[in-house]
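Feature annotations, courtesy of Swiss-Prot:
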BINDING   Lys12, Phe60, Arg88, Thr94, Arg105, Asn115  ATP binding site
ACT_SITE  His118  active site, pros-phosphohistidine intermediate
Amino acid sequence: MADTERTFVMVKPDGVQRGLIGDIVSRFEDRGLKLVAGKFMQIDDELAREHYAEHVDKPFFDELKEFITSGPVFAMVWEGQDAVAQVRTMMGETDPAESAPGTIRGDFGLDLGRNVIHGSDTEPGSAEREIGLFFDDDELQDYERIDEPWLYE
C-alpha cells in the first residue's frame with residue numbers, strides 16, 4: 001500500500017457508555033482503513049496531562065481531565081492512505097452542532113464536551129506522539145486486508 005500512514009483514534013467515555021464503538025469501528029473499516037491496534041483502557045491523570053499537554057494551562061483543562069478520566073475509553077490505531085485526514089473528515093467538526101450529518105460527531109455528538117471521539121490532528125508528528133503515548137510498538141499489528149488490492153493502486 002503506497003503512501004500509508006497511521007493515526008490515533010479514541011472513543012471517549014461518552015461514546016463507550018452509549019455503545020457506539022461498533023458503529024464507529026464499522027465506519028472506518030467501511031472506508032477502507034485498517035485497524036492495527038485497539039484496547040479498552042482507563043486514562044489516569046498523568047496520561048490525561050500528557051495527551052492534552054497543549055491544554056494544561058487553559059481554563060477548561062480540569063473539566064476536560066475530569067471527563068476523559070471518568071470512564072473507560074477505546075483507543076485505536078488506524079492505517080491507510082491519508083489516514084489522518086480521512087479520520088478527521090469522518091469525525092466532523094469538534095463541536096457537533098457544527099458537524100455535517102453523516103460525520104461521526106454530526107450523527108452521535110451531543111455537545112462540545114461530549115463529542116464522542118478524538119482523532120490525531122494534522123500537525124506533523126501528532127499522530128506518532130499520540131500512538132506512542134497509548135501503545136507499545138509490539139501492540140501494533142502489520143497485516144494485509146484481503147481487499148487492499150481493490151482499495152489501493
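Glycine is treated like the rest: Cβ placed from N, Cα and C.
Structural mapping of features recorded in Swiss-Prot.
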residue	record	Cβ contacts under 8 Å, 6 or more apart
Lys12	ATP binding site	Phe67, Ile68, Val73, Arg114, Asn115, Val116, Ile117, His118
Phe60	ATP binding site	none
Arg88	ATP binding site	Gly119, Asp121, Thr122
Thr94	ATP binding site	Arg105, Leu112, Asn115
* Over the residue list Lys12, Phe60, Arg88, Thr94, Arg105, Asn115, recorded for ATP, what is the maximum interresidue Cα distance in Å? -> 22
* To do: Let me know the most crowded of the recorded positions, choosing from Asn115, His118 and counting other Cβ atoms within 10 Å.
  => Asn115
